[in-house]
Number of protein chains: 2
Amino acid sequence: MIKVSVLYPKAEDSTFDIAYYRDTHMALVRERLGGACKRTAIESGLAGGTPGEAPTYIAMGHLYFDSPSDFEAAFGPHAKEILGDIPNFTNVQPTVQVSEVIE
Amino acid sequence: MIKVSVLYPKAEDSTFDIAYYRDTHMALVRERLGGACKRTAIESGLAGGTPGEAPTYIAMGHLYFDSPSDFEAAFGPHAKEILGDIPNFTNVQPTVQVSEVIE
């Protein structure tokens, strides 16, 4: 199993509409990726690791697939539409990481 | 529910013993945090978001708690021991992020 993490950095002027992200963007993502996407998860950043420290990421979204090739095959045809929706909920560009789920 | 993410940055000379992390470090973490820690997850970084790009993080560990105060109460008394084990599996210092689980 692999996990595609979409990490939205927090900056001084960053904005993020978590309701739109959850209800509209992730619904679009799940619809377009279909059964290849086994699970999704969303988190909203609260804090860093020390008291009073801001979180590194204002929000994070995660998509699980059986393999990197499953992700690429599902995402590729819809990349333009999905990425084009990002400005509708945030003014920051995400960092993407593909990871192997160990446990 | 909150999620404490421990993100280990990938650098040119970074090392990470994922077997030790999974079998020894996370076992220690679960033992010390007890029932306050509802779930743990581990991932190993594979790639970034574009072809050939390295992952931002060489590995990630996640701990789930009911609240930030549950995390602080469980982690505080064992912080020194748990953090002191980090050099046994990696030469990098992690970034910690506390997030609210939205879904």
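Heads up, residue numbers simply count up from 1 along the chain you see.
Note that Cβ sites are derived from N, Cα and C of the backbone, with glycine treated the same way.
Per TrEMBL, the features are as follows:
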DOMAIN    B:18-91  domain 'EthD'
- Mind tallying the domain 'EthD' (B:18-91) by DSSP state, helix then strand then coil? 39 helix, 20 strand, 15 coil
- Query: So what's the average pLDDT for the domain 'EthD' (B:18-91)?
  - Reply: 97
